[in-house]
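The feature transmembrane segment is assigned by TrEMBL to 7-27. The domain 'DNA/RNA non-specific endonuclease/pyrophosphatase/phosphodiesterase' feature in TrEMBL is assigned to 146-388. Under the heading domain 'ENPP1-3/EXOG-like endonuclease/phosphodiesterase', TrEMBL lists 168-376. Annotation comment: TrEMBL describes His237 as active site, proton acceptor. Annotation source TrEMBL lists Mg(2+) binding site at Asn267.
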Amino acid sequence: MLRKSIIVGIVVFVILVVVAIIAFITLEVCCKPNNCEIPPIHKNAPLYARFYPAEFVYPNHDHNLILEKGESITVGCPGSKLNIGVISIEVTCISSTLFSILGNNSDITSLYCEDKVKSIARYTNKLCENDGQEIEVGFELNKTQFLRQIRICFNVSSLNPLYSEHNLTRFIDNHDKSRRRPFFMEGSFYNLNKTEVYKLYNRINQRNTINQQLQIPNPNSTKVIKDGFSFYLSRGHLSPKADFFYGSQQNATFFYVNSAPQWGIINSKSWNNLEWRIRSFASKGNKNLQIFTGTFGNLVLNEYSSHQLYLYYNPPSEKIPIPEVFWKVVYEEIDQLGVAFIGTNNPFLNKTSLKLLCNDISKSVKWIEFNNKNITEGFTYACEVDDLRKTIKYIPQLHVNGILSK
């Protein structure tokens, strides 16, 4: 009994010491008298960035951005202007919310964007894996400063994103939760004989397109593309909206090049669960993560036809393939640990016809749990990154020294 009491006492003491250390560190970081604080989330908020290298600035241990006295950051409104008449400006911390702005000492909270911040998607004129063309999505602060948010490897022949790449901050739990979903943007990446991409996702149009490819006589048949909110093709984000902190970043994910046709029931169930658990892992584990999300294969519904399915079908032209699977690679650069996840994209699949692309190591990944009882909602599993690359050869090369298991 005495021994048990001693052990309990030691545990309590250790916990108190850890809490005290965390509190001290937090106090040191955020509560120095000369530190500056910026509330970054509000209506018409500008972007906050550092350059060389270019990176977004996020809150540290708090909902506010914390800067030390004399520290400078760039504040900007790409696609709009700050209310002082310039697109972007460097400001320097004095104390509290007081900053040196255009040579004057002013309250940083007085700065706002006259209109919504606008992102752009553009080719970089660089090649990427599998003869893809590199696209970057981000914000142009001026002619020399571009703040990249997402990198995409795009197959210009099939009009299919092979993968996207973005960073997930460990402070994601405090992200802007007020933004509504905007409309998807097409940009200049699609040449579909004057057909706009948004029309391809129209329920009636996708039903006609799929039925034609499956040789279902009635173009209005609901055997495959059904009514309701499950059995239809949604715009499946690669880099998802909720992986980004600022509202302007979230809006930047709505380019069609950052999406691929994904069944609605899978998008909202198993795939959404995977994305949520990755964000939770980053937040609770205090980890900055590098995320790669891609597509692989061409969906075939064998019970109807052996034809590979496309969202755009105008024989002989077939574009925007419906992927067989979606995949993610989650990489922690400091310790060089990574793990790959695969999700099926076929709600008509049964377990007897399920074929894994690599050895399933889901039980070794302690921070995630899959519910694969209902395969209609998608079957998700984990693999070693190098193992999956044996099949999906365009997964970027990473120095992976072990599994990101905990």
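Glycine is no exception: its Cβ is also placed from the backbone N, Cα and C atoms.
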Integer Cα-Cα distance in angstrom, the residue listed as 'Mg(2+) binding site' to His237 (active site, proton acceptor): 9
Surrounding CB atoms that lie within 10 Å of the CB of Asn267 (Mg(2+) binding site), all protein chains: 25
Those residues of the chain, 6+ apart, with a Cβ under 8 Å from that of His237 (active site, proton acceptor): Thr253, Asn258, Ser259
